[in-house]
């Protein structure tokens with residue numbers, strides 16, 4: 001019962017061969033004196049035909065049965081150009097049922113109408129669908145391409161620990177109680193950051209790992225509690241060299257997986273430029289709709305919404321939606337207003353340009369000269385829709401207009417789904433200040449090195465201290481990021497203190513790490529790429545759950561295994577853990 005071919009393999013050149021095939025019954029059709037079976041495996045589908053003499057054998061066969069077929073390859077009288085095997089079929093002489101199947105709770109064809117919850121509950125059936133198998137196989141191709149590139153560039157694949165101590169800075173840790181050490185906990189890694197830096201201290205110079213990472217955070221379309229990142233670190237390489245290697249890696253993946261030749265070098269844009277033009281540090285540059293800074297243009301306009309924002313040292317920015325004025329009714333604009341309000345903007349001002357003049361609720365606040373200046377600054381012409389957001393806070397204006405811009409880009413179909421626009425965003429702020437806690441936080445992580453020109457700003461001007469950091473962005477998603485790392489003990493402790501760490505906390509949480517810097521640490525840097533996000537984008541999937549074999553849902557639950565679940569009291573007693581039930 002050994003199969004001679006898979007179900008995507010046979011062609012017209014194989015006519016008259018006797019073959020053995022195995023697989024799942026995708027479909028069975030009775031057409032008078034003939035029975036047709038579509039036999040499926042991961043490679044494709046082959047049509048099996050049974051004549052009147054064989055028809056009785058097919059009587060008990062149902063969809064999703066696993067069967068073994070022996071027969072002769074013949075030319076199909078009615079060919080199917082949409083199937084690789086569409087020129088042939090198998091005239092069966094023997095059929096054996098290997099295993100039966102109940103009626104499946106979801107369809108295993110690509111056109112299934114099952115809900116995502118049902119698909120995740122019966123994930124093993126959902127993964128039989130060719131579209132899902134292709135996504136998982138594409139993910140494998142991405143991983144293989146990455147490994148090939150890094151192996152050929154002398155990187156060493158080294159595993160780092162899953163169980164380490166908690167360092168509560170950033171996302172919440174997943175904690176693992178220690179049975180042996182009462183009251184002590186391990187934390188699952190949010191990234192291999194500290195260990196990969198220690199591998200540079202160890203002298204390996206070039207390290208990589210396809211690393212599993214864990215973050216106990218609220219989920220989004222492109223996030224999971226457990227995820228996979230391509231982790232890369234190297235010694236004695238400056239930022240330009242690391243970025244060049246990173247984009248060469250990306251170019252190889254795009255060529256191997258999509259057959260696309262990327263034009264290198266990739267575009268680079270400073271963080272400040274990205275925020276000014278797009279309102280976000282991960283811009284989708286497949287389309288325009290760039291933000292326009294209007295502070296100087298409208299500073300004398302007697303419109304209180306703009307005026308109050310500017311008097312509070314705030315900002316006014318606008319977007320020109322070219323040629324769309326007639327396509328947006330007042331009701332449609334109200335929907336756009338709802339979008340910006342989600343991001344704490346107080347409202348959305350607007351104008352429509354018709355016959356060389358601007359019309360709209362705010363037009364009356366502009367003199368002719370002021371309106372001319374505005375239309376010139378906005379590069380406005382007839383039938384343009386001009387949208388404005390103002391606020392005392394820069395991030396509110398940016399967040400609101402960035403979300404609006406992305407919505408309009410999708411709604412107006414301003415880009416192709418098969419278009420891939422990469423760029424590097426560089427020169428990030430080292431720190432960001434949180435008004436609630438009244439302290440600074442690291443924009444990337446506490447081990448990021450400041451730019452050499454900004455070393456003195458760590459204490460003297462942290463708000464304007466730039467990091468030697470870089471993110472790789474694809475189609476509006478942060479695909480990954482990296483930086484040069486701090487490699488001197490004194491500088492690392494200065495960075496910790498800028499984040500409000502006491503010396504006691506530094507010694508307690510990171511003393512074991514910083515100590516290594518006393519023993520000849522080389523300059524080093526690296527980056528990490530989100531494998532799940534990359535696979536999601538390259539397979540044109542709606543979310544990363546589509547490219548993970550067994551993902552969690554938006555509540556961090558596995559509908560199939562029902563994880564997380566309760567454990568026996570004996571297990572808890574052994575760990576000396578008591579559960580406080582919700583009231």
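Every residue number used here counts from 1 along the chain in the order it is shown.
In case you wondered, yes, glycine gets a Cβ from its N, Cα and C as well.
The ATP site in TrEMBL is built from 215, 216, 217, 478, 530, 531, 532, 533 plus one of 209, 224, 484, namely 224. Range with TrEMBL annotation region 'Aspartate', chosen from 185-188, 189-192, 193-196, 197-200, is 193-196. You'll find the Cα of residue 478 (ATP binding site) roughly 12 Å from the Cα of residue 444 (L-aspartate binding site). Of the recorded residues, residue 444 (L-aspartate binding site) and residue 217 (ATP binding site) place their C-alpha atoms 16 Å from one another. Across 215, 216, 217, 224, 478, 530, 531, 532, 533, which the record gives as binding ATP, the greatest C-alpha separation is 19 Å. Straight-line distance linking the Cα atoms of residue 533 (ATP binding site) and residue 215 (L-aspartate binding site), rounded to a whole number, equals 15 Å. Here the Cβ of residue 531 (ATP binding site) has 24 other Cβ atoms within 10 Å, regardless of which shown protein chain they belong to. Look at the binding-site residues 444, 533 and count other Cβ atoms within 10 Å of each Cβ; 444 has the fewest.
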